[in-house]
Amino acid sequence: MLKKLIPLGGRAKSLLFTNQSTRQTVAKNTIWLTVSQFGGRLIRAVIVIYAARILGAAEWGVFSYAVGLAAILTIFTDLGIGAILTREASRIGEGERKSRLIGTAFFIKLALLAAGIIIIIAGAPYLTSISEVRHLLPWVALILAFDTLREFGFSLIRALEKMEWEAGLFLFTNAMIVIAGIVALKISGTVAAFTIAYAIGTGAGMVATFYFLRTRLSKIFSHFDAKLVRPIITSAWPFAVSAVLGGLMINTDILIIGFFGTAEAVGFYSAAQRPILLAYLLPAIFAASTFPAFSRFANGEPKKMRALFERTVGVAFLIGFPLVLGGIILAPDLINLVFGEAYRAAIAPFQVLLLTLLVNFPSVILTNALFAHNRQKNLLLFAAIGGLGNVLFDILLIPQFGILGAAWATLFAQILGNLYLWRAMQNIERLPLPGLTKIAPASLLMMMAVSFLSFAGFPLAFTIALAAVLYWGILKFLDEPLLRELTFTLKPRA
């Protein structure tokens, strides 16, 4: 038995800890980013659920508003520098040139971070009508600093295609947030104590990231090159603006709800949005895993580019369709289970936001494909359509329909932006849209089964498990090629 296990261990090590081929490296990175993002978010979900129940909708809304403000400013303090670092560092080998790129990018980050902190301390008090948020702003500034610096380290790790490193550090960060948060809520039970604990957890993650990368960052302070500042910013600014505008599609709802409504309304919408943001990680993981390969294939290998794109978007739809259809049916049970009966007002916006998954899943991958082709200006227009469209729809719909209007605003804005993305990509390269002839009917049959099980009163966990098995079985029966592709990709090689 031991002799049989040793080769299996060696194969698992080869799959998960070494870069052997494009297919295997993408699979390895996807596995680790899935472990990282979903594992980390699930760990953090423990404290999110606990805090939402302990603090109540109003105080939870105050915290959500404060963290939402930090999230938007985190985008401003990156301005595409992290993506440029990942793209360019993945293309050049080790040496003086890479050291100068890393050092210069780091100092640009510091300058942007300083500006972000000033905005929080000096300007943020005038951006909210929720007075309870204002005394949290110094801690929000610390969260901004810690997250910005940690993400810089993660950008370098992605360039090395060592997502297993990122996974460990992200899991550690979220574990520290959970531990500090539980302690704070047990001792004090206030939103201020919880915010301080959140800052402590993010700070621990930042310190761990820089310690882990200490040898690769040893020359960071001595390799600033002023000549690289302009090329980096020139390459980054279209992506930066698109990232800022794109961030509006996710974070602007909370801010505008807080402007027109109450902290309690923010708390309800935040509860509806949290599971959706977790689901958004799926295409983000695929996109981050395949981005280095997209960057290589965009330079003269169109057949490989098309094949990789079709597989990636196909897998995203394979997962997205059952999530949306099953989630809409089970939304009341899910919200009640996670947040409690007091958050029933979150059910309707949650159901609408689920529909955005079918739009978001392909658009995230399309964004990276365009960026690999250096089409940042297309990304800028896409983000303007989506981001500014979301703000406009929010202003029109929230005063009349409240948090449900915010959910519809997000869906409408994402549809408009996604239509433009597809058109822009087809003008560059005729990338195929994966067929849904087997995924769609399998999802509909699964949805019918979920409806019956839910109506019959079966336990939620049993319903979800049976639905997953049924969906997989139908796809297997229909001989869905993506299942064979996944099996082949993940199969250990001797």
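These residue numbers are counts, starting from 1, taken along the chain as shown.
Cβ atoms are placed via backbone N, Cα and C, with glycine included.
What TrEMBL lists as transmembrane segment is 38-56, 62-85, 139-160, 167-185, 191-213, 234-263, 275-294, 315-335, 347-372, 379-397, 403-422, 443-474 (among others).
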Would you mind listing the long-range same-chain contacts of the transmembrane segment (347-372), meaning Cβ under 8 Å and 6+ residues beyond its ends?
83, 87, 239, 242, 246, 268-269, 271-273, 275-276, 279-280, 282-284, 286-288, 290-291, 294-295, 297-298, 305, 309, 312-313, 316-317, 319-321, 323-324, 327-328, 331-332, 334-335, 378-379, 382, 403-404, 406-408, 410-411, 414-415, 417-418, 421-422, 424-425, 428, 431
Top Cβ-contact partner of the transmembrane segment (315-335) among 38-56, 62-85, 167-185, 191-213, 443-474 (pairs under 8 Å)
443-474
With Cβ distances under 8 Å as the criterion, find the stretch in 62-85, 139-160, 403-422 that has the most pairs with the transmembrane segment (275-294).
139-160
Touch test for the transmembrane segment (62-85) and the transmembrane segment (443-474), at least 3 Cβ pairs under 8 Å:
no
Under an 8 Å Cβ to Cβ limit, what residues of the same chain, 6 or more beyond the ends of the transmembrane segment (403-422), are close to it?
249-250, 253, 256-257, 261, 265, 268-269, 272, 345-346, 348-350, 352-353, 355-356, 359-360, 362-363, 366-367, 370, 378, 381-383, 385-387, 389-390, 393-394, 396-397, 433
State the non-local partners of the transmembrane segment (191-213) in its own chain: residues 6+ outside its ends, Cβ under 8 Å from one of its Cβ atoms.
51, 55, 59-60, 62-63, 66-67, 132, 135-136, 139-140, 142-143, 145-147, 149-150, 153-154, 156-157, 165, 169-170, 172-174, 176-181, 183-185
Report, as numbers and ranges, which residues of the same chain sit near the transmembrane segment (38-56): CB under 8 Å and 6 or more residues beyond its ends.
63, 167, 170-171, 173-175, 177-178, 181-182, 185, 189-191, 194, 267, 270-271, 274, 278, 281, 338-340, 342-343
